[in-house]
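Peer 1: Here it is, the structure in full.
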Amino acid sequence: MNRLLKQVCMVVVSSFMMASMLTHAASLPDFTELVEKASPAVVNISTEQTVTTKTANEGGQQLGPNSEELNEFFKHFFGQQPFGQQAPPQQGQRSSLGSGFIISHDGYVLTNNHVIDGADVIHVRLNDRREYVAKLVGTDPRTDLALLKIEADDLPIVKMGDSDKLKPGQWVLAIGSPFGFDYTVTAGIVSATGRSLPSDNYVPFIQTDVAINPGNSGGPLFNLDGEVVGINSQIYTRSGGFMGVSFAIPSKVAMSVVDQLKSDGKVSRAWLGVLIQDVNNELAESFGLDRSNGALISRVLPDSPAEKAGLKSGDIILEFNGQSIAHSGELPYIVGQMKADEKVDAKVYRDGKEQTISVTLEARPNDPKVVAQSQQDQNRLGMIVGEVPADMAKKFEIDNGVVIEQVLGGTAARNGLQQGDVITMLNGKRITSVAEFAKIAKDIPSGRSVPMRVIRQGYPMFIPFKIMD
């Protein structure tokens, strides 16, 4: 009897587990139909370019048969060649690989600017293996988008979706050519929306965990309705490979750029002229703000619309042109959608009060110099500081501050300060000398958090600084 009871229990448990597995499987999306419908409008893009190349020096590492593609990968994601890659220059041919997709029946193709940047010839290969030499209609390096045109008719096209409707947790799918493997399909979820990256602050990126690798760039990101909601652009990595964090340009941003490229061959956008950062809870507290939102100005560029309007470093922009700023990444996009010579109101928080400042926007310069930088380290409070060397100040456009020459631990270390940071402001007061820095720091009570402005590796930012006992 006991034996029979055990067998019955095993059957019941097995049935329950099987039912649970089937229910779970049924709840997962089936991408088959989506891929079949969307793939014909996805293209493979390859380029030819005559370049001056470098070979590995003594002790340099060899990267194998696909070294050129890997070199491009390192260059795009890290801004430099792999370690050891220096040698006498040689003339040669370089090819790059990427993805794209067809947005009109008469042959307009959208991809990333970095996929075709500097190319002499651009090849577009369709799903049915037809191949065309594409004409470059225009590019927008600030959003990393490029519009191509191939001479063909009745082409399959993608359906464009509304990226504003995307929410974290929704399924998304990518089709592209990672490492040259055509029409590779990967899927994942939206991790976040509105991500602002330091080098691309005109794009509120879609962050996903979809596997993206070299060759995926420029390819479409689909929602479950088969609509393109993003253009896969870049990844975050410490290993050189995919680590679960990838970024896509929202379709809304892309189509705005496409419209201008089609009509003018270039993109014009308004310019405010500030460097900004998010306001976290500690910064909000240190500024006396009752909520952690807005865009904190860390630097006002010389002769910019912001400077002319009277905006200052340390101002927190709460609203711009009537639109609330929840986080700093929203401001560049709002400004970028506006036209030069538009006059707008900015609601800012300054010295514990809200005020409205009128700003007249201007056309963005082709190459505004927005970067300052830093190198060494500082004094007291767990650090040794020194005067900023004249050559450093001139080179990086630093007009005041002290440089951290050494972090000793304690307060400096706990506040995240690093050797090479340049401290330009503390508790709302400009730092002009080592003595002045020590005096201002001495007047700050222990345990109280105050705003500190630092320049780190060329990027200015505010941090909440708290003196530890």
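Every residue, even glycine, has its Cβ placed from backbone N, Cα and C.
Feature annotation from Swiss-Prot assigns signal peptide to 1-25; the stated evidence is sequence analysis. As annotated by Swiss-Prot, active site, charge relay system applies to HIS114, ASP144, SER217. What Swiss-Prot lists as substrate binding site is GLY215, ASN216, SER217, LEU272, GLY273, VAL274, LEU275, ILE276, and the listing cites similarity to another entry. Summarising the annotation, Swiss-Prot assigns domain 'PDZ 1' to 261-352 and lists sequence analysis as the type of evidence. What Swiss-Prot lists as domain 'PDZ 2' is 358-458.
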Peer 1: Does DSSP put HIS114 (active site, charge relay system) in a helix, in a strand, or in coil?
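Peer 2: HIS114 (active site, charge relay system) sits in a helix per DSSP.
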Peer 1: The domain 'PDZ 2' (358-458): mean pLDDT?
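Peer 2: A mean pLDDT of 76 is what the predicted model shows over the domain 'PDZ 2' (358-458).
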Peer 1: Of the residues in the domain 'PDZ 2' (358-458), how many are helix, strand and coil by DSSP?
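Peer 2: Going through the domain 'PDZ 2' (358-458) residue by residue, I get 20 helix, 32 strand, 49 coil.
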Peer 1: Restricting to the recorded positions ASP144, LEU272, GLY273, which ones have a CA within 10 Å of the CA of HIS114 (active site, charge relay system)?
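Peer 2: The recorded positions close to HIS114 (active site, charge relay system) (Cα within 10 Å), listed in sequence order, are ASP144.
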Peer 1: Report the DSSP secondary-structure composition of the domain 'PDZ 1' (261-352) as helix, strand and coil residue counts.
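Peer 2: Computed counts for the domain 'PDZ 1' (261-352) are 23 helix, 28 strand, 41 coil.
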Peer 1: Just the number: how many Å between the Cα atoms of GLY273 (substrate binding site) and ASP144 (active site, charge relay system)?
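Peer 2: If we compare the Cα positions of GLY273 (substrate binding site) and ASP144 (active site, charge relay system), the gap is 20 Å.
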Peer 1: Between GLY215 (substrate binding site) and ASP144 (active site, charge relay system), how far is it from one CA atom to the other, in Å?
Peer 2: 15
Peer 1: Between SER217 (substrate binding site) and ASP144 (active site, charge relay system), how far is it from one CA atom to the other, in Å?
Peer 2: 10
Peer 1: Any idea what DSSP makes of ASP144 (active site, charge relay system), helix, strand or coil?
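Peer 2: The three-state answer is coil.
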